[in-house]
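> What follows is a single structure, and I will ask about it in a moment.
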Amino acid sequence: MSSSPVWHPFTQHGLGEEIPLIARGEGAVLHGADGRQWIDAISSWWVTTHGHAHPRIMAAIAAQTQKLDQIIFAGWTHEPAETLARGLTAIMPEALTRVFFSDSGSTAVEVALKMALGYFHNRKEPRQGIIVMEHSYHGDTIGAMSVGERGVFNRPYAPLLFDVTTVPFPAAGAEQATLDALEAACKAGSAAFIVEPLILGSGGMLIYPPHVLAEMAAICARHGVLFIADEVMTAWGRTGTLLACEQASVVPDILCLSKGLTGGAVPLAVTMARDEIFMAHWSQDRADCFFHSSSYTANPIACAAAVENLAIWSDEPVRQRIDSLAAMQARELAAISDHAIVTSTRQCGTIAAFDLETDAGGYLSNWAVHLNRFGKARGVLIRPLGNTVYVMPPYCITQEQLGQVYAVVRDGLDAKT
Ligand SMILES: *Cc1c(COP(=O)(O)O)cnc(C)c1O
């Protein structure tokens, strides 16, 4: 038993796995307190976009700490939030005119769901149901779990989760079933459809094509069902474009952003909405306002980090780095696809994934534990989702570092087969 009082997330302490103590991060590399190094092959759980401790983001944070640490955001404002909101409305789809702040992907989703229901409530239209996609993940708070896949992650909490209508994942060849189910759910008078565009992350890096995304958005629009894009993982270049929705020319009614919003440096989230949704909450009656906040809403230090992230997007060759990472990933995937147990290699922009042909086991598969442990011993932070191995590094990773990641994965597969 370790003597640390820390209770880690998604960690079975009973397995006695080593919990490395990280002292410093730089670019794609994490430095342990004991001098060991790890290449961060999963961007510290999908948040780090440009690289760890990007000097400009660190400097922006340092500068903001000298001015204003925190201020109530209900009825008060500050420069970093104003600048960030203007910057976001400038680079995100034009129809998304409103920016609501919170602090994590889960809360961005809770806010989106509440906005959708508030919209219909204030318009006196009786719509309440939420439509979701099979295998989705939208966070770990009660509402976010309710709209996500039910399984081992949330079985004990099932009594707390609300009912939703689930449409099947649009697997290749079965897309029409998804569209038909969505159409039927929309006709039944649902309020909103929430979906991860192009790739379902925690569900196993499951990819579906842009035309399906476009058709789903069109169905929702036809029936007046709000289309909520949860781009918490997919935004900020992960799928090759700033937003995944871009690839389908889809403009959602509500957009959730977090993870890469600050370049992955500090927690912050926004939920962006069309003007009609804001205007449904606008009146002389206080009872119609949007009832959501958390203590640290739009924390100035976090906003300053996000403002600098936007500046980096505008004046560093971020898109070129993304394109070159995507090309490197394609080469590495092609190379590892000849391994005997590697199947279903797939890629969406900077994200590469494949499955291991082995005993069933889903999320709790031994492979995840084995490769995680193997990577820890060999200098790579990798965390498979059960039998699904994925590589999602910061955009600054070099060809040599990425090659090392895949070499360690290959050795890890050989060590167990
Ligand atoms: C990570 C994630 C969330 C939850 O974000 P947190 O910041 O961990 O609360 C929600 N949706 C998607 C698609 C995610 O990948």
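Cβ coordinates are placed from backbone N, Cα and C, and glycine is handled just like the others.
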> TrEMBL records G105, S106, S294, S295 as pyridoxal 5'-phosphate-binding residues. Which of D40, D230, D355 is assigned to the same site?
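Record source TrEMBL; matching candidate: D230.
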> Of the residues K187, K259, only one is listed by TrEMBL in the substrate site with W45, Y137, S293, R383. Which is it?
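The candidate from K187, K259 that TrEMBL ties to substrate along with W45, Y137, S293, R383 is K259.
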> To see if you understand the setup: which same-chain residues, six or more apart in sequence, place their Cβ under 8 Å from that of S294 (pyridoxal 5'-phosphate binding site)?
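Residues satisfying the criterion: S102, D103, T107.
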> Taking K259, R383 as the binding-site residues to compare, which has the smallest set of other Cβ atoms within 10 Å?
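Among the binding-site residues K259, R383, the sparsest Cβ neighbourhood within 10 Å belongs to R383.
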> Please check each of the binding-site residues W45, S293, R383 and report the ones with a CB atom less than 6 Å from an atom of ligand 1, ordered along the sequence.
none
> Look up D230 (pyridoxal 5'-phosphate binding site) in the DSSP assignment and reduce it to helix, strand or coil.
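Going by the DSSP assignment, D230 (pyridoxal 5'-phosphate binding site) falls within a strand, counted as strand.
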> By CA-CA distance, flag whichever of G105, S106, D230, S295 among the binding-site residues is nearest to K259 (substrate binding site).
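Result for K259 (substrate binding site): the nearest of the binding-site residues is G105.
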